[in-house]
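Features reported for this protein in Swiss-Prot:
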| type | residues | note |
| --- | --- | --- |
| ACT_SITE | CYS79 | active site |
| ACT_SITE | HIS168 | active site |
| ACT_SITE | GLU170 | active site |
| DOMAIN | 1-194 | domain 'Glutamine amidotransferase type-1' |
Amino acid sequence: MILMIDNYDSFTYNLVQYLGELGEELVVKRNDSITIDEIEELSPDFLMISPGPCSPDEAGISLEAIKHFAGKIPIFGVCLGHQSIAQVFGGDVVRAERLMHGKTSDIEHDGKTIFEGLKNPLVATRYHSLIVKPETLPSCFTVTAQTKEGEIMAIRHNDLPIEGVQFHPESIMTSFGKEMLRNFIETYRKEVIA
């Protein structure tokens, strides 16, 4: 079962729909309507942190959940969720030089885990005004996708089953979004079984 922390974003249910189409069981909880103990009781196989209209500091239980469950269950963050992952581990989330709302970018990726078997570069849809500052990304992370300008578009933890994407895989304008989600689940389901 996947627990989706909903950061009050309209895109959350697009993610939920994609994951449902992949045959996954989902529980969705708003970021202010669940506690760490309640998450423990649900015993999810995966934790996903949704996009949202705010900063990581305003994302309810998202930061605490990432801290608590890092290394216990696979975690995937989208947009705000991605920024929250970086911040938990010591990265700085700052105002982007260019606001990206409903704009697409070609991103180059490393072809591993979530990007395995996907076209390179691929088109990613962006809706954000904040971004992870590249020089502050902790050394425990690898940048797995970026724009030609060097903006971080995806990260992967080097040792733990944690990944984040700055763009929106659930947007119809993003290439291979559903495949990325499938790749995440298939890659890290092994971690759940182990």
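Backbone N, Cα and C define each Cβ position, glycine as well.
Computed from a predicted structure; not experimentally measured.
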*Between CYS79 (active site) and HIS168 (active site), the C-alpha gap once rounded to whole angstrom*: 7
*If you draw a 10 Å sphere around the Cβ of CYS79 (active site), how many other Cβ atoms fall inside it, taking every protein chain shown into account?*
26
*Model confidence over the domain 'Glutamine amidotransferase type-1' (1-194), averaged pLDDT*: 94
*Tell me whether GLU170 (active site) sits in a helix, a strand or coil according to DSSP.*
coil
*asked:* Taking only same-chain residues 6+ apart in sequence, whose CB is under 8 Å from that of HIS168 (active site), what do you get?
replied: PHE11, ASN14, PRO51, VAL78, CYS79, ALA124, THR125, ARG126, TYR127, THR174, GLY177
